[in-house]
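K.L.:
My structure is below; once you've seen it, I'll send some questions.
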């Protein structure tokens, strides 16, 4: 049997010390490298649609024109709902909230998008990306709740007109609008904080035209189970349950409209609800395509086009739809414009 001498024990001890030192040093270097990668994330590069350089100027002009239409149309709708006393009702109060929401939503995404279209670098700061995400998620969630609230308002107005002023009193409809904003802001804040706290491991190229949460999560190199779970629950509530409530409201509304004997009353009810239903189809159609379809590793051009539609086209069309489909809004617009034109002539 071999017996260890003092010399052997000394050599083994020295060898183990070297191994321990080398392992500790390697772990420290790795930890330092990871910390450096995590802390060095100060900006992101948005490369969505950059594979079509010949379209950058066209997209810039298109989005700029749409943005001006959004600001003009939604601002006009807000102004007439304030100035015209006939529009001081819950329905137009919610419509004013929707117009203000569309202005805020597009103002958070379109100006940075315009800069990126004309920029060679196509970068956005970490803070700017987080702010864009929290605003877009918050206002998107708020719009889901607000559209459901508007559907309930239509339901009460058509199915229970005699008690409408009692049910939709001033306190209730202001609280409903306020809670729409609060719920949207809280859900977006939670999702944004949980996403921006994740390690990106130096990968800062976002394959999208905005800081969209799904595109950003593809850059994460750690477990995103909690993020996916929260996003799934939020999407089910915002996109499925609320859409189902809107659908149920319209089933009752349609059955009540068909029982109206007066042709003029039936036409007015249809015109009021048709504008809201078109807005719901546009908004939820784009949102369901973006957030509920099977996800792929790479972002498709169709995803970016739908994202552009979701963030630009719908807010642009909302005031146009409500103006064309609503007689009271058209009359209020004519009244406000004629008054200002008369003042200009004087």
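Each residue, glycine too, has its Cβ placed from N, Cα and C.
Because the structure is a prediction, the values reported are computed rather than measured.
So Swiss-Prot lists these for the protein:
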TOPO_DOM  1-57  topological domain 'Extracellular'
CARBOHYD  37  N-linked glycosylation site
TRANSMEM  58-78  transmembrane segment
TOPO_DOM  79-86  topological domain 'Cytoplasmic'
TRANSMEM  87-107  transmembrane segment
TOPO_DOM  108-131  topological domain 'Extracellular'
DISULFID  129-221  disulfide bond
TRANSMEM  132-152  transmembrane segment
TOPO_DOM  153-171  topological domain 'Cytoplasmic'
TRANSMEM  172-192  transmembrane segment
TOPO_DOM  193-229  topological domain 'Extracellular'
TRANSMEM  230-249  transmembrane segment
TOPO_DOM  250-269  topological domain 'Cytoplasmic'
TRANSMEM  270-290  transmembrane segment
TOPO_DOM  291-303  topological domain 'Extracellular'
CARBOHYD  300  N-linked glycosylation site
TRANSMEM  304-324  transmembrane segment
TOPO_DOM  325-346  topological domain 'Cytoplasmic'
K.L.:
For the transmembrane segment (172-192) and the transmembrane segment (58-78), decide whether they are in contact, meaning at least 3 CB pairs lie under 8 A, counting pairs 6 or more apart in sequence.
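P.N.:
Contact criterion not met.
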K.L.:
For each of 129, 221, count the other CB atoms within 10 A of its CB; which of these disulfide-bonded residues has the top count?
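P.N.:
That would be 129, with the most Cβ atoms nearby.
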K.L.:
Taking DSSP states H, G and I as helix and E and B as strand, how many residues of the topological domain 'Extracellular' (108-131) are helix, strand and coil?
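P.N.:
For that range the per-state counts are 17 helix, 3 strand, 4 coil.
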K.L.:
Output the single range from 132-152, 230-249, 270-290, 304-324 maximising the number of Cβ pairs under 8 Å to the transmembrane segment (58-78).
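P.N.:
The stretch with the most close Cβ contacts to the transmembrane segment (58-78) is 304-324.
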K.L.:
How about long-range neighbours of the transmembrane segment (270-290): same chain, 6 or more residues beyond its ends, C-beta under 8 Å?
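P.N.:
For the transmembrane segment (270-290), the far contacts come to 91, 98, 140, 143-144, 147, 150-151, 154, 157-158, 214, 239, 243, 246, 250, 253, 257, 303, 306-307, 309-310, 313-314, 317-318, 321-322, 324-327.
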K.L.:
What mean pLDDT score does the topological domain 'Extracellular' (108-131) have in the model?
P.N.:
87
K.L.:
Taking contact to mean 3 or more CB pairs closer than 8 A (sequence separation of 6 or more), are the transmembrane segment (230-249) and the transmembrane segment (304-324) in contact?
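P.N.:
No, the stretches stay apart by this measure.
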K.L.:
Taking residues 6+ outside the topological domain 'Extracellular' (108-131), which of them lie with a CB under 8 Å of any CB in it?
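P.N.:
Result: 41-47, 50, 56-57, 59-60, 63-64, 66-67, 70, 139, 192, 196, 206, 209-211, 216, 311-312.
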K.L.:
Work out the three-state DSSP category of residue 221 (disulfide bond).
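P.N.:
Coil, per DSSP.
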K.L.:
What else in the chain is close to the topological domain 'Cytoplasmic' (79-86), if you only count residues 6 or more beyond its ends and a Cβ gap under 8 Å?
P.N.:
92-93, 95-96, 99, 328-329, 332-333, 335-336
K.L.:
Same chain, outside the topological domain 'Cytoplasmic' (153-171) by at least 6, Cβ under 8 Å from its Cβ: which residues?
P.N.:
90-91, 94, 249, 252-253, 256-257, 269, 272-273, 276
K.L.:
Can you count helix, strand and coil residues in the topological domain 'Extracellular' (193-229) using DSSP?
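P.N.:
Computed counts for the topological domain 'Extracellular' (193-229) are 14 helix, 2 strand, 21 coil.
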